[in-house]
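See below for the structure under consideration.
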Amino acid sequence: MRELAFEVLRAVDERDAYANLVLPPLLDKARASGGFDTRDAALATELVYGTLRRQGTYDAVLAACTDRPLREVDPPVLDVLSLGVHQLLGTRIPDHAAVSATVELARRVLGDGRAKFVNAVLRRVTAHSLDGWLERVAPPYEEDPEEHLGIVHGHPRWVVSALWDALGSGRTELEEMLAANNERPEVTLVARPGRSTTDELLAAAEDSRPGHWSPYAVRMAEGGDPGALEAVREGRAGVQDEGSQLVAAALADAPLEGPDSRWLDGCAGPGGKAALLAALAARRGAALVAAEKRPHRARLVVRALEGNPGPFQVLTADGTRPAWRPAAFDRVLVDVPCTGLGALRRRPEARWRRRPGDLAGFAPLQRALLTHALRSARPGGVVGYATCSPHPAETRAVVDDVLAASGTGATAEWIDARPLLPGVPELGEGPDIQLWPHRHGTDAMYLALLRRTA
Ligand SMILES: C[S@@+](CC[C@H](N)C(=O)[O-])C[C@H]1O[C@@H](n2cnc3c(N)ncnc32)[C@H](O)[C@@H]1O
């Protein structure tokens, strides 16, 4: 299973693969070839995710245990070393077992010479616990708070800084949030209304529990396999974070006068929110148009909407050059491309791949998509602007700019989104809402609701 974890780390490193996409098929293959049980799968997953999340911390430890700069260590050797450090400092695997299993892995995948190097370095790592190393490799908080927290919680310094800006809190809550980014999220199911019920999912998924906030959510027990559930296989239910469910439900429930029969999801791929919106639209006799620019993601939307009981259409279309008439829709969602800083717990390598410039990089597209969303709604219609980033540059600043801009061809006013997430506490001062992993157990989804006025 360590070899499998190594294979995933190499794919992430060499071809910028996503661990959450590469790992599952490898686990399936290992299960199919036998001798690989649920515990092995859980350990392999933990090794991959834990190693990737804490890459910066482990690099700092390794830099202190090698006599050459880390950039001169071959990447495959560094991957084996990081796997070893994670076992030593981030799991309960006894030191001798962690070292010998990692050296054995090194022998198989790197050869005897480099295995000796791995052995020597890992023995140095065993000199201290994680806390002992952090005291040695992280600067004191008082000297450099962001660098300190970055190394202690395994986040790049600029990400600590960006999340701190977004949260606007003191040290304690910031640390709770950074720690939440390092926890594996529970697998949450959505019972698509009219197609499945939470009761059906609760009965089918052993030890599952109702969601915290969304009326459509069921939380699976640790190790539960969504693919084993008939409702999921048939597309009547799906896997979806509660934050995403709340965003779709709030848009669907926003007060609206006049017709309510044409809904648009303008950034639909891969189709999670579109599937929930389409099911909610069907119950109300409305039709959903789901648009997505990238053809392969549009195909995923087609799959996600298959079997939806009401009318829908999937378009491969650029939301900034709409393929539909202006003012054609009563409700519009744009869940825009963003840095994903609010979903770091889901994509363990993402925090190390993003660059500070990305925050500003998405801004023109985000503004254009929101502008066109407003033009696509009829006067009186509702527009939801969502991101899975909590950073003000991608959230409130975009909405404020678009509302203030002249020449957009559409004016709009805020709708208070908070009452549309009933029972959910600590959503912010409104009228928009911000969810947080450490407060709500969801991704850090942002939602602004607007009504087109003219
Ligand atoms: C954050 S994701 C949407 C997630 C989706 N709402 C869900 O819940 O599954 C943003 C999507 O917008 C798409 N996109 C990017 N630029 C676009 C554009 N100009 N027009 C339409 N879609 C675009 C991306 O390909 C991506 O699939």
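Note that Cβ sites are derived from N, Cα and C of the backbone, with glycine treated the same way.
Residues or ranges marked as active site, nucleophile by TrEMBL: Cys388. Taken from TrEMBL, the feature S-adenosyl-L-methionine binding site covers Cys267, Ala268, Gly269, Pro270, Gly271, Gly272, Lys273, Glu292, Asp318, Asp335. The feature domain 'SAM-dependent MTase RsmB/NOP-type' is assigned by TrEMBL to 163-453.
On the structure: features taken from TrEMBL.
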residue	record	DSSP (3 states)
Cys267	S-adenosyl-L-methionine binding site	coil
Lys273	S-adenosyl-L-methionine binding site	helix
Asp318	S-adenosyl-L-methionine binding site	coil
Cys388	active site, nucleophile	coil
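Proximity of Cys267 (S-adenosyl-L-methionine binding site) to non-local residues of its own chain (separation of 6 or more, Cβ distance below 8 Å) is seen for Ala291, Glu292, Lys293, Gly319, Leu333, Val334, Asp335, Val336, Pro337, Leu369, given in sequence order. Taking every pair among Cys267, Ala268, Gly269, Pro270, Gly271, Gly272, Lys273, Glu292, Asp318, Asp335, the residues recorded as binding S-adenosyl-L-methionine, the greatest CA to CA distance is 19 Å. Taking a C-beta cut-off of under 8 angstroms and a sequence separation of 6 or more, Asp318 (S-adenosyl-L-methionine binding site) has the following same-chain neighbours: Lys293. Averaged over the domain 'SAM-dependent MTase RsmB/NOP-type' (163-453), the predicted model reaches a pLDDT of 97.
Cys388 (active site, nucleophile) sits 12 Å from Lys273 (S-adenosyl-L-methionine binding site), counting Cα to Cα. Residues near Lys273 (S-adenosyl-L-methionine binding site) in space but far in sequence (CB under 8 A, at least 6 apart, same chain), listed by position: Ser244, Val247, Ala248, Asp265, Leu333, Asp335, Ala386. Listed in sequence order, the residues of the same chain lying 6 or more apart from Gly271 (S-adenosyl-L-methionine binding site) and placing their CB within less than 8 Å of its CB are Ala290, Leu300, Val301, Val302, Arg303, Ala304, Leu305.
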